[in-house]
Amino acid sequence: MTADSPRTRAAAVLVPMPAERAYSYAVPDGMQVVPGSIVRVPLGPREVAGIVWDGPVEAVDPKKLRPIAHVFDCPPITEQMRRLVDWIAQYTLSPPGMVARMILRAPEAFDPEPWTEGIKRSDGEPDRMTAARTRVLEMANDGMAWTRSGLAHAAGVSSTVVDGLRAQGVFETVMIPPRPVVAAPDTSYAAAELTGDQGAVAAGLRDQVEADRFAVTLIDGVTGSGKTEVYFEAIAAALDKGKQVLILLPEIALTQAFLERFQNRFGAKPAEWHSDLPPRMRERVWRQVAEGGVRVVAGARSALFLPFNNLGLIVVDEEHDPAYKQEDRVFYNARDMAVVRAHIGGFPVVLASATPSVESRVNAEQGKYARAVLSARFAEAALPQLATIDMRRSPPARGGFLSPVLLGKMRETLGRQEQSLLFLNRRGYAPLTLCRVCGHRFGCPVCSAWLVEHRFRGQLVCHHCGHNERRPEACPECGTFDHLVACGPGVERIAEEVVSHFPDARTIVLSSDMLGGVKRLRLELEAIANGEADIIIGTQLVAKGHNFPNMTLVGVVDADLGLANGDPRAAERTYQLLSQVTGRAGRTGKKSLGLLQTFQPDHPVMRAIVSGDSEAFYDREISEREKAALPPFGRLAGIIVSAATRPEAESHARGLRRAAQVAQDVHVLGPAEAPLALIGGRHRFRLLVQADRKADIQGYIRALLAAGPKVRGSVRVQVDIDPQSFL
DNA sequence: AGCACGCCGACT
DNA sequence: GTCGGCGTGCTC
């Protein structure tokens, strides 16, 4: 805000760096700024873009006060967005400047898009006609403005023909406004016919949108139950009201398939927003969102920070997806911040999932969220038949990992010329290699993980930090040759086993470390969809998005994987993943089958998957957490200490732990219990803090950080608040 | 987060 | 003798 003093006007400006408060800048005479204005200000040796902020301007040494260099010709960041920045900064204990930085991620967009020069038919007539000229004039007689190249292309002539006509005064020069990044959606383009409960849920959402009322609705329904069709009607209502709409999708799910589905309903695609967007497109989308020209954005979590000026609805699809959580710089969960955004804006938010997160289910049970269950009735035909394979009763052959039951079904599937998918969430050949003579195990020299053998590449790789080395012939400990054994399966090893059983089948392995990168992967997925493979062996990435029309068998090689890793969310995550994977079968209309290889067929996760009845599973999961006072019943925050070396990080975390004057109702877990990981070349250490109320945990962490050892050198401390029921 | 300043190892 | 490694400190 600006403040008038006898000599200089000053404004508070939030700059994109970890400053705890807005800095003060002088406003030169004649310059107009309002809260939300995007300005260029000097900061140290350079100039940066900042946002003029609300609140009193802090008095600062007049010698330090530097003037705002420039006010961008750009719609100001709205009050709702500014309140969101303050809220997130406060809640996540991040510097507000760092939160503001997430808004300012399209630097070229702060200036208006340039108008381009075009031409339009005028009164002038050409000196003589040719065939080419006739075609050009036929096109141009619509009286619309054309670009020169566009007109030439449309008429099928060279641009010299157009230039020749222009020289004779046949065209006048006009300026053409920037082209919209997407066409306007048409809410009446292809309204879906909704049945029974779908219609009722859609009507409820429409009412919320029309009432401009904050409300959270959790739409809970399996694939094919019409979740998307239902929230499309809420989107239509918001658009009819002249509002903008944001659809959040987990990054991987930003697939062409969703955009096409939207287009089939609204006649135009939504604008996309994700990290892979080319810079030029990024700027145009940002700008057109700020100006209100873009009505619907489908985006990854960062789309929450787009400068909407008239937002009326947010949809968070696959709300349980961990990709919504950002775990660097500012730690936040976009799903929860979307709820906060809607609360600030006073409009509804829709959370959709076939496998909701436990915290959303609890929020629904506590009445904070409404829960709309869509029955699977309409999807039943498409649901695969699911069963467990008890690996104690049907063990694999010696040295193998696939049970005869699964192999038998694969053979039948091959016989029908249909596709099978084997899912194993582990890259490489084997997760552990050891020496049969001396027992030496190959561990990562950098971190604590075992090295994973990648036989195809002839390497031992650390999946934690990326360290890799050649697989040696002899044991480095005892020197014995040819006695290294691979323990456990990875997708490469499963592929080996499959090929030995089905040498004539076309088998393909899909994992994120595939040679050739994303491009190759996309081609392979397309090839599979076209039926160019019989057996697909894949890691997590096959679980999402893609539809394989001929896939009638899904086998989960190790359904227990991930259940015993000490994560309080292990069961929930496994349930969600297995649900998604088994859902890859049965998109065909044909009879399809999902088989889970497990040593614990009576585990609640397996029972929930096989029976399709998730209610009991959620009830149990909720009561387990209640007993353990884990989220969503307690609050859990992580203090992340990161340093270049592991001892440094550990000693610092111990220092913080020592400094902990454990307050009532607050527990500090770790360091021993906390997971240690190496990310981006830095050792990260998470100290878990648990408390019952939001205020407790934030106050406690503030006190702890103040009392703890001074953070200096290359040690960094960040705070990750696990946001549960914050409303 | 950038970016400059500043002090110790391997090279044009 | 310099180039450059990243530790430290500052930005209205």
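Backbone N, Cα and C atoms are what each Cβ position is placed from, and that goes for glycine too.
Sequence-distant contacts of A:Cys438 (Zn(2+) 1 binding site), defined by Cβ-Cβ distance under 8 angstroms and a gap of at least six in the same chain, are A:Cys475, A:Glu477, A:Cys478, A:Thr480. What TrEMBL lists as Zn(2+) 1 binding site is A:Cys435, A:Cys438, A:Cys475, A:Cys478.
Sequence annotations record features per position, and here TrEMBL assigns Zn(2+) 2 binding site to A:Cys444, A:Cys447, A:Cys462, A:Cys465. All protein chains shown were included, and the count of other CB atoms within 10 Å of the CB of A:Cys444 (Zn(2+) 2 binding site) stands at 21. DSSP assigns A:Cys444 (Zn(2+) 2 binding site) to coil in the three-state reduction, placing it in neither a helix nor a strand.
If you look up TrEMBL, you'll see A:208-374 marked as domain 'Helicase ATP-binding'.
Taking the Cα atom of each, A:Cys462 (Zn(2+) 2 binding site) and A:Cys435 (Zn(2+) 1 binding site) are about 18 angstrom apart. Of all the binding-site residues listed here (A:Cys435, A:Cys462, A:Cys475, A:Cys478), it is A:Cys478 whose C-beta has the fewest other C-beta atoms within 10 angstroms. Listed in chain order, the residues near the Zn(2+) 1 site other than A:Cys435, A:Cys438, A:Cys475, A:Cys478 are A:Arg436, A:Val437, A:Gly439, A:His440, A:Pro476, A:Glu477, A:Gly479, A:Thr480, A:His483, each with its Cβ within 8 Å of the site Cβ centroid.
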